[in-house]
Every structure is written in C-alpha cells, then in structure tokens.
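Participant: Annotations for this protein, taken from Swiss-Prot, read as follows:
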type	residues	note
TRANSIT	1-39	transit peptide
BINDING	H113, H117, E222	Zn(2+) binding site
ACT_SITE	E116	active site, proton acceptor
ACT_SITE	E189	active site
Amino acid sequence: MLRSYLHLGRHRTPAFRQPLGRLLRPTASILQYAQSRTLASVSSLESLPEVGDQLHGFTVQEKKQVPELHLTAIRLRHDKTHADYLHIAREDKNNVFGIGFKTNPPDATGVPHILEHTTLCGSEKYPIRDPFFKMLPRSLSNFMNAFTSSDHTMYPFATTNQQDFQNLLSVYLDATMHPLLKEEDFRQEGWRLGPEDPRAIQTQEGNLKPEDILFKGVVYNEMKGQMSDANYLYWIRFQESIFPAINNSGGDPQHITDLTHKQLVEFSKKNYNPSNAKIITYGDMPLADHLKQVGGVLNDFSKGAVDTTVKLPIELRGPINVTVPGPIDTFVSEDRQFKTSTSWYMGDITDTVETFSAGILSSLLLDGYGSPMYKALIESGLGSSFTPNTGLDTSGKIPIFSIGVTGVSEEQAPRVKEEIQRVLQETLQRGFNDEKVQGFLHQLELALRHKTANFGLGVIQKTFTSWFNGSDPMKELAWNEVINAFKSRYEKGGYLEALMQKYLINDNCLTFTMVGTPSFNKELDDKEMARKEKKFEQLTQQHGSVEKAVTELAKAELQLLEVQEKAQHADLSCLPSLRVEDISRQKEHKPVRESKVEGTDIVWREAPTNGLTYFQAVNAFADLPDDLRLLLPLFNDAIMRLGTPTRTMEQWEDLIKLKTGGVSTSNFHTTSPTEMGKYTEGLQFSGFALDKNVPDMLEILTALVTETDFTSPSAPAMIQELLRLTTNGALDAVAGTGHRYALNAAAAGLSRSFWAQEQTSGLAQLQATANLLRDAETSPERLAELIEKLRLIQSFAISKTSGLRVRLVCEPASSTQNESVLQRWVTGLPKVPSPTSQPQRFDLSTPSKKAFYDLPYKVYYSGLALPTVPFTHSSSATLSVLSQLLTHNYLHPEIREKGGAYGAGASNGPVKGLFAFTSYRDPNPANTLKVFKNSGVFARDRAWSDREINEAKLGIFQGLDAPVSVDEEGSRYFLNGITHEMDQRWREQVLDVTAKDVNEVAQTFLVDGTRRSVCLLGEKKDWAESEGWEVRKLSMNPNGSNIPSGDAA
C-alpha cells in the first residue's frame, strides 16, 4: 500500500466509527482525485494571477492547469521570508487550509508531538487557555486537527463558510507563529510527576506517599496507549531499525520523560518560522483574500533558518537482520508469535513516474486473495496476515517496499524471506498479466470520476508528505502526465519486470522480526517504575527529603489544577465565532424518488455523477436465529474469498477491477426513527461502475453471493484462513478504537437491538470468531457444521422477498437504462425466505450492568450507555445539545486536562436513542466514571449561558451541514427511513433549544434515569473485582472468556 505517514495528533473526541473492516488489506492506495461538475471559472487560468505577479507580499512562481482534476495550481513565495505557498483553485465549496513545518525529531522524546499539542494551547492574539478546543464549538468546520508526522508537522482545517475560514485562519496562524508555550501547558500536555487524583490531595492531610506519585500527561498517556497497539509497535520499531536518522516523532514513553520545557521552546524557535513553513489553500474562495490575511502575519517576520535536511534510511549493501521483542497476542497460538518482514528500497520519490509505477507493482504483488504474495505467505498457512509495514511506503525520500506476515512459528520464520524471494523470481520470469494492469488503470479512471466530499484534505495531506521530502508539488498534481508516462513505458513491454529486476531481485534488504515475549509488558512496567524512582530520587536530593519532594509535587499539581479550573471560567471574548443566526433554518433538500421494480422497492437519487452509477441493496431478515447472526461477518468474508465453480477468486478480482469501482457485501443494522427498540438487520450489497457496466456489476455481485462454492475441496482451509485473518491482530483493532468497542459492549446490556449489533460488530463477535477458529482447527466435525450454516445463509442472502430494497444514485439520463437493468436483475433472483426463531426475552430486570474486559493495554477505554428516546421525540434534539455542552464544558476539562486522558466526551445518538459517555487512552478510569456519574447533576444545576447554548448548536451543525459525497445522497432515508421532513423538524428543534430545556433533559435522563450500562477495557486491577465488575477476557483459550455470545438474556 502507498502508506502515507503515521498521524499522531490532537483529535476531537474520538468519533464512533463503523466497525473495523474485515478486509484483507487496503486495496491499491492511489489517491482518489474526484472531478467537479464543470471546469468552472474559479479554476480557469484567466481568473488567477500570472507568473511574476505580486500580491500582498507574495510573488507567483509557477502556474499550472490540471484539466483532469478540474483545478488550477499556483505556487507562490513570500517575498520577505521565502515561505512556500501553494494555492489549488477548484470549484469546491469545502475549502481547506494547511500550514506545515519541517520538524525532524532530534531524539525520541516526542518533542514535535508535544509541541504540536502545546502550540494550540494559547497564543499572543488569543491568550486564553487552549483556543484550539475552544474554537471547536465556535465554528462550522467539518475538519479541524493537527498531525505529527515522522519529519514534519501540519495543521489543517476545512470549512464551507467564508467567515469561518477567516476566523480559523486567524487562530491557526497566531497559534503556529506566536505560541505562548507556557510551562503549565507543557506539564499538562507533555509529562509530569504527580498524584493520580489531584483533587484528593486536600483530603489526604499529608498522607501522600511516594507510591501515590506517577507519570502523567496527555501525550505520555496517548503514547502508552499507542505502544499497546502491537501493530504500531511493530511499525515504529521497524522504522527505528531501517530509518534511525528519523527518531520517533510521536515519542516513546521511555524517553518522553527526558524532555524539558526549555528544550520544547528551543525546538519551536528553531522550526516554527515562516521560512521553514509550507502553506496550502484549496477551494473556491478568492486567493487574494487568503494572501492578504496570511501575508499580514508573515510580514512581521524576517527570513529565518530553513531545515532542508531530508533524512535517509540506512544503506542496504547486503542482507541485514534485526530481531526485537514484542508483546504476546492472546488471539494467536502460543507457538505462532513471530512477525517478520523483508524490505527493499525503490528509487526516489522525486521521480513521480517511477514512484507511481512502483505503487502499481506493489499492488500487483500484494493486493487481493489472488496476488502471488498472498497465496505464498498466507493461503499457504505460513503466516496469518500481512505485517503493518507491508506495501510501498512513500513517506520518505526513498520509497521502502516491504513484505511480511504475522502469526509465524519460530521454525518457519526464516522461510518467510525465502518464500518472498522465490515469488519475486517466479513473477519476474512469468511476467505480469496485462489484464491485471488494465484493471488497475480502470480503477484510476473511476477514481478520477468519483466525487468525494474530502478531496481537498486528501490533496493537502499527500502534497505535504512529498513536498517536505523534495518532490515538486506541481508534478504531483499533474495526474494525467504521470499516468500517460507510465502507459508509454508499460506499452513498450517488460517495464514492470525491469523495475523488479532493478530494485527487488537482490539481497540488499533488511529483515525485521518481532518475537512475542511473555515478559514484555512486565518489563515495560518495571522500566517505568525504575524511571519514576530515578526522577523521584533526584527530586528528593533537590528538596532535602522524601516528604518535601512529595509536598512539592502535590503543590505543583494543585497549582496546575488551579490554572485548569480558572480556564473553565475564562473570558473567551477574544476568540472569533460564528453566530447561530448565520445558520439557515431550512435543510438543503436533495430529493429522492421511489418506484417498484418487480415488487421490489427502489429509491432513486438523480444527481451529477460523472457517468457513474452507485448501487446499494439491503435484504432484511426478521427474527434471524442467533447462531446465524454471529456468522454474517464470516459469510461476507467467505463470498469474497472462496470463488465459484466457474471462476477462482483471483479471476473474480480481475473482473471486478476491469468492470467496476469495487463491489462489497456487509451486514447492516438500523434502528427505527419513531419507535425505541425496533430495528432491522440483514445483509447489504453495494458497488459502483460506469453506467455502461452496471449489468456486469450486478451480475458479478449476484454470482458471488449465490454461487460461491462452499463445497469445494479448498473451502475448509480457506474458511480457517479467514478466521485467522480476523483474529490475528484483533487486540490491536480494539486498541485503535477501544472507546467504541467499550460503548458497544455497554449498550449491549440495554436492549436486544444493541445486543444484536454487538454480536456482529463488537467484542462478542471477536470472541465468537476466536471460538470458531479454535473449533475449526481442532474438530473437522465442527468445521463441517460451520460450512453448512454458511451454505444456509447463502440460500437466502439475496432473494426476491419483502425484505429486499434497492437504492441507486445516477445521472437523470441514466435512470431509464438502469431501471431496465434492475428489472432483469430482480426477475432473476431466487425467492427464498430467511429462517426465523422466536426471539429470546431480553432481561430488563438489572438497572445497571458493569463489564470489565481484562486486556493487555497500559491505558483504559470506557463507555457508559443510557437509553433515551427515538429520533422523532421532542427531547432528541435537546439531548444532542446537552452532549455538546458536557463534552466541552465538563468532560474535556475534567478528564483530559485534569485527568490526563487523550480524549473524553459525551454523544447523543439521535437515531439509535442512545446517550453515551466515553474516554480514550485514559490512565484513571475510576475518576472518569465519577465524572460521568456527576455529569447529570452538573448539567441540571448549571445556569447555561446563551453563548454556551449557541456554541453547542454550532457543534451539532458542523456534522449536520458537512458536505456529503454524491454516493451517500439518499442513504439516510433508504437505510433508516428518516424523511426530509423529519430531518427538517429535528433541525428546527436544535435551533430552538433553550437552557431550561437542557436542565430538564439532564434531570430526566441523566439524574432520574435508572437504566445504564458501563464497560471498561484495560489491565485488570484489584479494584475491578472488589467493585462488582463482571470481569471478562478475550482469548483463544476456551476457558478464557465468559462473554455471552449466543444468549440474549
């Protein structure tokens, strides 16, 4: 995969994302550039300045029109500071800004990462504490963030509102150019020593002991959590081995505690200046306005130091082997705890054509079940899944191509490199099938047509990555020039094979192996304790006694607490803000029409799609038996893996690439907008293609669903392979979105609807998959029973029953043709009803449920769920306002700023009827749960100001009015039955919410509500069992879990 770079940043409260995809690996990661409606005047050459023109202190250096992307790029330089500036003019209302700085990390203390956090904690023009988070509810931005990469840091935002753009631009520029970088912000965001709960200091009356002191800090805890992700750990240790010149920019907890505030300030002075910056703006807003505002800030600076150093990886002049220890994966057999990969260099990213070609080569070798590397390394059983570094990494100047697998035994580990080299040699001799190459080129054609809402953000991210490593951004944007150059070389014959010969057919490579070690986590704990004792010993010597050292730490903690509490009542009038009055009361209407084809309901959304048709079908199953529900995700995997009697999966993958932009199947679960507890579940099928290829797309989908051969001799082995793919790395998947898993597990205790969803997409599904794998590997009879159940699902998966519904998005001119195609498709479907079972009674007798998942993480993830009301209820909108108010005015300051968690927040799921509290990478879950518990009284008793109410409403409309990709239009009505009128009414209710309304719903649902369920994920401590938690485990061990997987009661 063309892996970008690792993003570590100040995110909003982590969003509740969809379950991690059960995909083999990302498909060819070629940046998906989308077309706009027409080549509008905003991106025409005539409306923009010419080379040599001077505007607001900038001089135009270069100008280029890119017709295939419907944009014009202008490169400028600031006359006084020589700051680089790139403007991308395009008819796109979602405008984007980004400023980046070269920040080569001098060590592994995480100074670029901690600087990224503290930079946004206050500036000269906006001297309040943390203007970044304070701006979140004062803006209609659909994206605000900051990212630390391996060698640069960037600060992007996106918004459709011009005043909002100017407001955010002012805040971002002042933050990056004039940061305050106060020591208390460094202590809060970076690291410090202090008592776990600062508020308990006063009550302990001098009884604070050295053992009560621990390392704290937002970034420190973030990186402890990051290091608990074995995939990240493998990737970063690999980077440290092949790229020692680039230190760990995120920070290693073992070294973060060596960083001082003085070093942070010096690093900022050295790197955060206009001469060392690169700036990008994108969209349809006037360039002159941007230059005037940006130039007004940059003109205060003189030309400064520029870090032009481009770090390079180690030289590979022969084989190098590196082996490091890592954590045990409890979802993998004890005798398969090795992860190993081999890496080569592939040229220079400044050669855009060769780098693009290397990406195609990587995809041909790795993408899909039919790829040669998948067959040799995973299908063979040698390993379970690809390593995190597998693919082409173009984040540095030298592209690095890696291939590796996890879940390998110690005896087989040396064979991995041998197999990789064997496959490379055989592929070189055999050459590449032209049909496969044409398939990838067809995918590029569709990517150019596909209209996405976040095109600008994608351009900025990719441009910064290569620009900071010496690539020409104008060449990067010239998409057709690159593709045409590739085609020209490819058509001469032997080009890709020559590329392989040049870079991969040699032994100039690094083999990196991580070995699962039982003592790994304990050794980390011991090292942290030793570091703490050393720091404490230094403090004791400094202050003369242990007691004085403890007293001084407590005093410093109370001082920080005082600063944090004062900030909660600070005057924010210096910050710019939009007004609620600026928001239209009318929701933009994107009408759909409905029809019936052969008795099947069809929802049509006719819109400009650049000649593409997007297809989505759902088949709903009523009262599906619990044992079959658990198998729906595996069924979806299987039909995209096993092949049919007429074609292997490799042949199907080639056809999919040649005829479509992709097809997929997945399980779906939606709740009623009008009735609590009512839900619909089943399977959904989707894909998109050129209008002329819609018949082929539907034929492919239908064949895969109905004809997949579960009886072939290879089917049992492939089923086990799929189970291993899912279980391998399951703990890392949970660590990445632990708050979401915790919330889903908590909600499962509230209703059968949430329980059913947990069975297919939560921790229960992960454990069920591990159980299936264990049974499949130990009992041929159990495996045969499993396959029979999958065949049963296949018989009714897609059928002409009352549960089948279809949505199409296409051009109006394509509707008639598509209707004829649909008619033929529906007519040819079988008519098989799904089996049913009597739903078990859901136990509502327990008002509060507590589940604790004992997992090997160094921080915690929590979720607390409360049932509320349907979407159409009058309290739904008020609950959403309440969630915003609690997040920004209570949970963020209490749990993140004071408690040190990376993220915390409240959310209202208006369609699900669920109010939720979550924390993410949290060192102090006991305190967090107390804060959750006190939230109701806090919200009920607070006299909410008009400003706070209005900011909460703005926060809701950030998501409500965010741009939507064309393929998503109409899906809300199609899946959930939410009409435009329902959305309009809910919108008006949000705008009309009062402070009194908020107080009342807080009383009703948070204070008086008796039904709630909570879940914690993390390392079990003694208090878990003493406080009434039901302790559970996730494991391959048959006795390692007591998760109820098939019992709704």
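Each residue, glycine too, has its Cβ placed from N, Cα and C.
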Participant: Between H117 (Zn(2+) binding site) and E189 (active site), what C-alpha distance do you get in Å?
Facilitator: 6
Participant: Taking every protein chain in this structure into account, which of the binding-site residues H113, H117 has the most other Cβ atoms within 10 Å of its Cβ?
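Facilitator: Most Cβ neighbours within 10 Å: H113.
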Participant: Round to a whole number and give the Cα-to-Cα distance in Å for the pair H113 (Zn(2+) binding site) and E189 (active site).
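Facilitator: Each residue's Cα considered, H113 (Zn(2+) binding site) and E189 (active site) end up 10 Å apart.
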Participant: By a simple count of other Cβ atoms within 10 Å, which of E116, E222, the recorded positions in the record, is least packed?
Facilitator: E116
Participant: If you count Cβ atoms within 10 Å of the Cβ of the residue listed as 'active site', leaving out that atom itself, what do you get?
Facilitator: 28
